[in-house]
Amino acid sequence: MAPSAVPVESGATPLNLGSLPGSLTTTFDDTLRFYLNGTRVVLDDIDPEITLLEYLRGIGLTGTKLGCGEGGCGACTVVVSQFNPTTNKIYHASVNACLAPLVSVDGKHVITVEGIGNVKKPHPAQERVAKGNGSQCGFCTPGIVMSLYALLRNNDNPSEHDIEEAFDGNLCRCTGYRPILDAAHTFIKKAPSACGNSKANGGSGCCMEGGGGGGGCGGANQNGDDQPIKRFTPPGFIEYNPETELIFPPALKKQEFRPLSFGNKRKRWFRPTKLEQLLEIKKVYPNAKIIGGSTETQIEIKFKALQYPISVFVGDIPELRQYFLKENHLEVGGNITLTDLENVCQEAIKHYGEKRGQIFNAMYKQLKYFAGRQIRNVGTPAGNLVTASPISDLNPVLLAADAVLVAKSLGENGIVETEIPMSQFFTGYRRTALPQDAILAAIRVPLTREKNELFRAYKQAKRKDDDIAIVTSAFRVRLNEDGIVDQCSLVYGGMAPTTVGAKTANSYLLGKKFAEQETLEGVMNALEQDFNLSFSVPGGMATYRKSLAIGLFYRFYHEFMLILGSSADEEVVPELEREISTGQEDREAAAAYMQETVGKSNPHLAALKQVTGEAQYTDDIPPLKNELYGCLVLSTKAHAKLLSVHASAALDIPGVVDYIDKNDMPNAAANHWGAPHYQEVFFAEDTVYTAGQPIGLIVATSAARAAEGARAVKVEYEELPAIYTMEEAIEKESFFDFFREIKKGDTQEGFKNSDYVFSGVARMGGQEHFYLETNATLAIPKHEDGEMEIISSTQNPNEAQAYAARVLDVAANKIVVKVKRLGGGFGGKETRSVQLSSIIALAAQKTGRPVRCMLTREEDMVISGQRHPFLGRWKMGVNKDGKIQALEVDIFNNGGWCWDLSAAVCERAMTHSDNCYSIPNMHVTGRICKTNTMSNTAFRGFGGPQGMFIAESYMNEVADRLGMPVERFREINFYKPGERTHFNQEIQDWHVPLMWGQVMKEAEYESRREAIAKYNVEHKWRKRGLAIIPTKFGISFTALWFNQAGALVHIYHDGSVLVAHGGTEMGQGLHTKMTQIAAQALNVPLENVFISETATNTVANASATAASASSDLNGYAIYNACQQLNERLAPYREKLGPDATMKDLAHAAYFDRVNLSAQGFYKTPEIGYTWGENKGKMFFYFTQGVTAAEVEIDTLTGTWTCLRADIKMDVGQSINPAIDYGQIQGAFVQGLGLFTMEESLWMRNGPMAGNLFTRGPGTYKIPGFRDIPQKWNVSLLKDVEWKELRTIQRSRGVGEPPLFMGSAVFFAIRDALKAARAQYGVKAKVGAEGGEDDGLLRLESPATPERIRLACVDPIVERARVLPKEGEKSFFIAI
């Protein structure tokens, strides 16, 4: 629980509840009664400050996870079953336990993932997700399972749309979502088509045909007639029977809802059950915080440190949850849930008809994409209104509709009702006209006329589902019989500090004849005046927001013209919608080399534990006696001298035990870490170099008290100039002492011999890891000899051990670091986890007590570093025939404030800046920019994707300048077998050209290219694009000494085998593959082999689990140990015969005193590159792949969807195809996020200048379930020979290489944008070497909707362009 990086507003004064006024006439109960997983719970000693999640985890139900704390990731999803007073039915609501106050579950049935099944007897939803490979790291899985469970409880015959919608509040960073959807689709009773992989459909076999184990399938059996068929149960799976579910406890049906009041001297909760009780509370305590869904309040408490000493939960007042279909309006209770409001809107449309119910259609449309289902299940319209968000989805609809709000308060003579027109409700930023002693009781929404009136609402966000709006709008226009506008209301959110009507436009439109071009032009001119945004406008995106304001009205205008039967720009009307996602995997890929165990598609070994909540992560370990909790004190300035740090106020807080900082280090050197430079410090010394840098640590008896203490530490700064971007660093020559270059041939001679010389710049932003489990550590002092046990969510136990020993001033043999599993890592826990584990170890040593810390999502994002942003300045010499002659590339990355791994990341980018292309003369240089952001670090691909992005950028831009199809340009320059890279490595086992041809054929690339060209000619506002991208990813650590691994294998008397190796399990299936290798090598069943954990006292000096080399390294080390054991057991196999079990062999060997333990070791042969000399082998081999992707973009808004993706990877002989497919799909979606939507932004000005703005799922968007390709085919290369591949089982590393395949979507977007620009005569001039008017499209990554829209050149965006005044800069900084 972190000190907020948002300026803390002063909350209400803590209340002395001993002096509560006695003027409340209601008698309140102080006991909570509810059911939990079928068992009655009665609580009368209740902490008023904890959430449902904290309660559940506190009593040991740790299957429910904390992922973000703001209801944005779904990891904490539970089901709350309750009687719904709106519908008078039992409803099973998926809710975010991290937001739900404990008071909200009184009288309800809470169901957690543990309550529906376990490993021995899983629920069908759990089993199918597990066996369908829908769980990798598993941290998000319980929440996903519970969302699916909630859907099935409410609807035992869901449609495909229902299933995709059910997950709109859940995020997964590992799987790519496809296998989860496939598993969920098996619950559909009748699907429109069977699984694409099914044999009945001509496929190679569905994963669910034959008992699972092999990945996703989604279809149900087809039935030729219209007769309903039985729900599809995959063979070997538990049948889903809704009748066997947990019943709604009969006692709850009879339980009387009593008014509740409980609390302590810090906070008191009230839970009235009648409106009068609520109004009385509000009269006595006018400052009381009214809470419906707590979706906003809990965020204010957690992240803004606001205090609400009197809080009133109003979710159980039936009067506020009713609705009435009146003659001329709909009246809905202010506290109706948004889910119920969706259903009420649909009922109202049926009741009033489509024409009179247009407003309800608009409301439903906005609600459908508002947050996730978990939020809509508890959020309310009253809460939405009173929050007064300027980007509310619902408020513009209500304002444009002239809705009336009904406020109620308690007067001298009873209840006083006040009507407040929506037009008068918002009085300023986050301020309303609601009286302090009143509550918002109801909303009256009028109807539209039968004819000559149109009402529509629109929303534009970074992604379709569960995202806050950039611009939201609602338009209502009514015409008289002559077609003259007699009423109009054009309302916008996201354009001003409040939801606002476009005054000039509304005034202009009134009285005008609608169906005239002059009217449209006049309104658009007026909108430009209404929203004349400055370049530095708060929230940024000035041009984009202005273009949306104009463009959305343009869309509305032409829809009305169509309805009126007038000529219209018909194509602009429909919005971009996506189809249900489907896909195929080649299940026969490993058939040629499949063995008894290796080569089989076994599900992740921990999958069943993960889906049932039994898998234990670091913070799931039960609290130890006398345990303390740590919270970091973080810098709020990007660059500043530390004048003073005072912890005295924090130490006065009850429960705060100690403050730890640099002064507690055993010596000055111990505070420094990060080999080889040791420039980084654990605790800031005299200066802070980035916002989020640790200054100290508060330890306390609870996480909440530690966070409170951290906020109370007073830090005085003297601010210093700060640098954020690569461009600033280059201008100011702010670099680390690092320079690398690779030279091949003579580039100057190459340029002389070229027909053309072109130059350009490629730029891409960074990426947040967003592993669902944040960094966590538990340090346990042993009180003898300075021993310490550290349990950490780290990819690098060896380094965690080394630095803990350093800060504790003991030898490494006194420190044991253990890792059971990680909830995702992606490189973010390779080095950055060491900072937390070392600090917590120091705290444990100082206090002599166990200390635990799990970073909040916000802390993790501001501390831990991201993927490096990169800038590549290139110059290419090329001939007219498309053959590249020479290339120079200057590469820069943004390292942040300290070294970390930036040098190695830059080196890998340099070695991948050729991608798959043979360039005879090449010169690449690399520099690291030193800035005042967090230290950027390893991230899946480790510079490789950035280097290849630079390569594909110059390939695209040069092809455009040559007037040549980029596909042909690539083919001309592909490497040939035996050629050498610019770093002098021979290309072997080269299959990219082969896969290129296969993907071209399988994806029907040429015919689709023709169809797309035709489509783009015929469509003005919709454009499609197509791209095919190759990849060549080098496998090995570039630091030679890391290419080694150890293993320990024990065989026990009963024939069971225990394996230990140095790799950590973080969802990638490493332990699963390693057990397969051991089982195959020892010729035992897979279930006989077990891996318990990774620990430094079983395998010493292990390399980090990284670089996609862990299966290669640890697999061979295990194989080496097994070979030793097989040699020892050989005499007994011969003696006892081929049918002897391992138990028989182990017994016989043991009694002959044969050692049944073996230590294995492996080091990668042949490799070793010398920089400067350009000699030696950099990588052991290259993993290769080719991907084709097709997109469609709505050029009016920048919205896009991926219509299809075809991925083919060469992973050698796969050890486990199901695991490899999961890695490919997950990496592709992560890459899709990197190149299209994930954008990190920093604050430029104000008190939070230099701080990260995108610090949680609310502002930082990773792909969701409905962002994956609509049609998604994945296959592995087969029927080839890998002559030079000398890895374990001849497999290739697969974790990182597929990530760059996501760039195919970026380049398909670029292709579509070229068509959009060409429509207006803007295209690259052939042979032009640069200049502003060369027509070339220069697209920066990520290709966000804003960047897509701004790359267009249609008249609407051109009139909306906002240029900076001299010295003016944008609101946000993109580093």
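Placement of Cβ uses the backbone N, Cα and C atoms for every residue, glycine included.
Some features that TrEMBL has for this protein:
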DOMAIN    30-116  domain '2Fe-2S ferredoxin-type'
BINDING   C68, C73, C76, C98  [2Fe-2S] cluster 1 binding site
BINDING   C137, C140, C172, C174  [2Fe-2S] cluster 2 binding site
DOMAIN    262-450  domain 'FAD-binding PCMH-type'
BINDING   F370, D393, L440, K459  FAD binding site
BINDING   Q795, F826, R940, A1107  Mo-molybdopterin binding site
BINDING   E830, R908, F942, T1038  substrate binding site
ACT_SITE  E1296  active site, proton acceptor
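Excluding E830, R908, F942, T1038, which define the substrate site, the same chain contributes G827, L901, A904, V905, E907, A938, G943, G944, F1037, A1106, A1107 within 8 Å (Cβ to the Cβ centroid), listed in sequence order. Proximity to C172 ([2Fe-2S] cluster 2 binding site), defined by a C-alpha to C-alpha distance within 10 angstroms, is shown by the following binding-site residues from C73, R908, T1038: C73. A separation of roughly 14 Å, to the nearest angstrom, links the Cα atoms of F370 (FAD binding site) and C73 ([2Fe-2S] cluster 1 binding site).
Neighbour list (C137 ([2Fe-2S] cluster 2 binding site), Cβ cut-off 8 Å, at least 6 residues apart, same chain): R173, C174, Y771, L772, E773, R821, L822, G823, G824, G825, M1066, G1067. Closest to F826 (Mo-molybdopterin binding site) in space, going by CA atoms and restricting to the binding-site residues D393, L440, R908, F942, is F942. Helix, strand and coil counts under DSSP for the domain '2Fe-2S ferredoxin-type' (30-116) come to 14 helix, 31 strand, 42 coil. Q795 (Mo-molybdopterin binding site) has its Cα within 10 Å of the Cα of these binding-site residues: E830, taken from C68, C76, C140, E830, R908, T1038. Under 8 Å, Cβ to Cβ, and six or more positions away along its own chain, L440 (FAD binding site) finds G334, A382, L385, V386, L405, V406, A407, L434. All chains included, 28 other C-beta atoms sit within 10 angstroms of the C-beta of Q795 (Mo-molybdopterin binding site). Summarised as a single figure, the pLDDT of the domain '2Fe-2S ferredoxin-type' (30-116) averages 96. Of all the binding-site residues listed (F370, F826), F370 has the fewest other CB atoms within 10 A of its CB. Around the Cβ of C68 ([2Fe-2S] cluster 1 binding site), 26 further Cβ atoms fall within 10 Å across all displayed protein chains. Taking all protein chains in view, 28 other C-beta atoms sit within 10 angstroms of the C-beta of A1107 (Mo-molybdopterin binding site).
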